[in-house]
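Chemist: Below are the structure tokens for one structure; questions will follow.
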Amino acid sequence: MSFVSPGFLIFLPAVLVLYRLVPWRRRWMVLLPASYFFYAYHSPWLLSLICLTTLVSYGSALRIERAETKKQKRRAVILDAAVCLGVLFLFKYLDFALGGVFSLLRLFGVESGFTGFHLLLPMGISFYVFQTMSYTFDVYRGTIRAERHLGYYALFVSFFPQLVAGPIERPGDLLPQLKAPNPLEQADIAQGVRFLVRGYGKKVLISDFLAPFVDTAYGDAAGAGGAAMLLATVLFALQIYCDFSGYSDIAAGCARLMGIRLTENFRRPYAASSLRDFWRRWHISLTRWFTDYLYIPLGGSRRGLSRQCVNTLVVFLVSGLWHGANLTFVVWGGLHGVFLAAETVLLGRRQLASPLGRGLHRAATLALVCLSWVFFRSADLPQAWFILRSIFTDFRLSAALTGLGMGRVELALVCLLALVLPLLERLPALEVQADRIRGRYAVPLLYFLLAAAIVACRCLVLTEHGATAFIYFQF
């Protein structure tokens, strides 16, 4: 099931009502079946994988806590990581790895007709595998106690708001909330509604509207021209942010209506003052995961500048691979690693003194982030290189709109939507202004108008192009 599917409009209210009707100690009996239903709505067999990783990590954590020696603890955590990563490798990376092997063999004249197993990629597998691994790692480190209650732990792994696209929650943050009374509070309802309106606004008003234009340009990069591809890449930067942060906002809103607070996953990343600052703002839960479980164990910044740069590059290469079994993602991650290492060497942790210098640094950061999206969006490396080359050598400004299948009306709407995004990001401030200007009915009217705009735009997008899935569902 998806947050934008019609069935979710029935599913969420039903779950919220049942959640409040049952005694708080038994609410997991509502949320766990609901989460499994949400995940298995289209493919029931996928439940077997999430149940496998749940049982393995649950048992591993108990073995770690009961182990008497460091060696036994290490053996248990390695076994858990091997099973979880093995499942991830089988469904996400096996064909990619075999393709690399057969490509290498062809260099030596060995041909094979094998085209891959083409296994169905389970939705959200990278997210819940990392979440289960963080649990066993934290138990191994002694930062949390192993959870004895299998029902609560299974709910921690499969909690439906953040199951398929994050944020990647830590057990120390989410598990206590799942076990708490979480009384119905007006502040939670208000904040939950804010998150939902903001999330659906980003997804439906902006991301879904931009998707067809980006798809048109990237579907015919050879005929679009450099100007069109540059504009398409900028639009994709906006699309993927609104799509992914929109999902995170909807997830946070659903959870907040139950009194549960999820990790903040985005903090206006395109306003970042540097690449380091960008990664403090973009996909915060994943950055935190890699920092704690890979970057710091590798040595972090404690072993000199050169080692810090190597560690940074390794982390971003792995991060790129986490996103998908394609060299385009690896190059995307590698570019960010190289850019960040270069920034560390040139600037360290210093801030540029002059306002002009800071402004140029901010602009350069945004430009590098946008250009790196070319690799993330391209189907393969040859297409990515072709697009970059055309941007710098085939810049036909007259073909910019036609290359995206866009007219002047659509361009005007894109400009309007670019102004809508900052308003969605600042809903609480809008509430204050509306209340100050129009009184007690202003805030309900504001949300009614936003909801009406979202519904109208959703109907228009469905009529013209059909439903679009969240981009990060594929990861």
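Every residue gets a Cβ built from N, Cα and C, even glycine.
So TrEMBL lists the following for this protein:
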{"type": "TRANSMEM", "residues": "7-25", "note": "transmembrane segment"}
{"type": "TRANSMEM", "residues": "45-64", "note": "transmembrane segment"}
{"type": "TRANSMEM", "residues": "76-94", "note": "transmembrane segment"}
{"type": "TRANSMEM", "residues": "114-130", "note": "transmembrane segment"}
{"type": "TRANSMEM", "residues": "150-168", "note": "transmembrane segment"}
{"type": "TRANSMEM", "residues": "221-241", "note": "transmembrane segment"}
{"type": "TRANSMEM", "residues": "399-424", "note": "transmembrane segment"}
{"type": "TRANSMEM", "residues": "445-473", "note": "transmembrane segment"}
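Please situate the listed features within the shown structure.
Modeler: Below 8 angstroms of C-beta separation, residues 1, 31, 34, 37-38, 41, 160, 180-182, 184, 254, 257-258 of the same chain, each at least six residues beyond the ends of the transmembrane segment (7-25), sit close to that stretch.
Tertiary neighbourhood of the transmembrane segment (45-64): same-chain residues 36, 39, 72-73, 76-77, 79-80, 83-84, 87, 91, 122-123, 125, 128-129, 132-133, 135-136, 139-140, 146-148, 150, 153-154, 157-158, selected by CB-CB distance under 8 Å and a gap of 6+ residues from either end.
Listed by sequence, the residues of this chain that lie at least six past the ends of the transmembrane segment (76-94) yet keep a Cβ under 8 A from its Cβ atoms are 49, 52-53, 56-57, 60-61, 63-64, 67, 116-117, 119-122, 125-126, 129, 132-133, 136-137, 140, 321, 324-325.
Away from its own ends, the transmembrane segment (150-168) comes close to residues 15, 28-29, 31-32, 34-36, 38-39, 50-51, 53-54, 57-58, 123-124, 127-128, 130-132, 134-135, 174-175, 178-179, 244, 247-248, 250-252, 254-255, 262-265, 283-286, 289, 470, 472-473, 475 of its chain (Cβ-Cβ under 8 Å, at least six residues beyond either end).
The list of residues near the transmembrane segment (399-424) in space but at least 6 beyond its ends in sequence, with Cβ under 8 angstroms from a Cβ of it, reads 197-198, 201-202, 205-206, 209-210, 212-214, 216-217, 220, 223-225, 227-232, 235, 238, 242, 430.
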Chemist: Going along the chain, which residues at least six beyond the ends of the transmembrane segment (221-241) come within the CB cut-off of under 8 Å?
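Modeler: Hits for the transmembrane segment (221-241): 202, 206-207, 210-211, 213-214, 266, 269-270, 369-371, 373-374, 376-377, 383, 386-387, 390-397, 399-404, 414, 418, 421, 471.
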